[in-house]
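K.L.:
One structure, pasted below without further comment.
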Amino acid sequence: MIRSEIRKDYIQDKYVIIAPRRGKRPHDVAKPIAPVISVEAQKKCVFCPKGVFKNLIKDSTGPLKKWDILVLENPFSAVTLDNPKAYGVQEVIIEMPEHAKELEDLSIEHISKLLEMYARRTTIISKNKKIEYILIFKNNGGRAGASLQHSHSQIFATNFLPPHLFDKSQKIQEYKIIHGTCVYCDVIKKERKTSRLIWEDKNVIAFAPYASMHNYEAWILPKRHIDNITCLNKDERKSWARILKKILKKIGQLGLPYNYYFHQVIHDENQHLYMKIIPRGSVWAGVEIGSGIIINSIPPEDAAKFYKE
């Protein structure tokens with residue numbers, strides 16, 4: 001019988017109970033199903049080329065009349081530059097003109113271009129000296145928070161650092177003072193030797209983290225110590241795109257919605273850039289919400305094995 005195990009995050013005081021037997025409990029909750037994409041929905045889509053509001057356009061890859069990737073100002077932004085009480089920037093990145101495609105359907109070259117656009121928008125937004133934090137994220141599927149089916153991601157930037165990230169930055173700095181190294185550089189050296197490794201090449205590495213908070217959680221990191229996405233070179237972006245495409249295809253086999261995101265703390269060279277990919281298969285109930293202790297029924301070792309199959 002496989003027994004449960006309590007695991008701690010690499011750097012923060014966050015705890016997870018890896019409990020494989022929990023996944024064998026009886027369930028009568030409906031599983032997510034693939035959305036039906038109707039012709040009528042495509043006609044009304046505000047992210048399709050004919051439906052885009054031209055006054056919201058901020059950037060593009062390719063000419064505006066035949067764009068590959070399009071950046072829009074978010075008309076429903078929670079933060080804006082003209083509101084001192086909720087100051088910030090929120091943008092939408094339409095990842096492709098086609099309505100019915102998913103990100104994993106795109107070529108490695110196109111996904112590399114998307115990463116390059118993330119970097120370009122990060123550079124532009126970070127020129128505003130009031131901005132302290134930039135989050136790049138994607139919601140795929142209604143359960144993951146997506147309100148529109150057309151594949152897109154977003155950038156959310158604020159003039160303050162979320163408290164849990166401030167705590168993390170402090171702990172990363174403390175680790176560096178004590179050990180003389182970056183905690184995530186050390187994590188890379190360790191994880192590439194474990195059964196949690198998903199994939200690696202000379203540029204990037206992907207693994208299921210030791211204290212995974214979510215079923216099938218995966219991380220992608222550059223092997224080089226860089227603190228934000230603007231520092232990725234062309235080869236690193238291509239490697240990143242290759243493994244991201246593979247992981248998202250595998251999540252598609254599970255039929256699950258997902259989120260992915262990058263945290264970027266402005267002016268913190270100690271941070272190590274990484275992407276978290278979170279399939280939304282697990283449901284946080286009373287224990288998780290009440291105690292803050294997460295129970296994960298899929299061991300990261302099993303998740304890594306699934307991604308490698």
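Just so it is clear, glycine is given a Cβ too, placed from its N, Cα and C backbone atoms.
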K.L.:
Can you find which of HIS99, HIS110, HIS214 TrEMBL lists as binding Zn(2+) at the same site as CYS45, CYS48, HIS150?
P.N.:
HIS99
K.L.:
Rounded to the nearest angstrom, how far is the Cα of HIS152 (active site, tele-UMP-histidine intermediate) from the Cα of HIS99 (Zn(2+) binding site)?
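P.N.:
That comes out at 10 Å between the alpha carbons.
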K.L.:
State the Cα to Cα distance, in Å, between CYS45 (Zn(2+) binding site) and HIS152 (active site, tele-UMP-histidine intermediate), rounded to an integer.
P.N.:
12
K.L.:
Using DSSP, what is the helix/strand/coil residue split across the domain 'Galactose-1-phosphate uridyl transferase C-terminal' (170-254)?
P.N.:
43 helix, 13 strand, 29 coil
K.L.:
Among all protein chains shown, how many Cβ atoms are found within 10 Å of the Cβ of HIS99 (Zn(2+) binding site), not counting that one?
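P.N.:
Result for HIS99 (Zn(2+) binding site): 19 other Cβ atoms within 10 Å.
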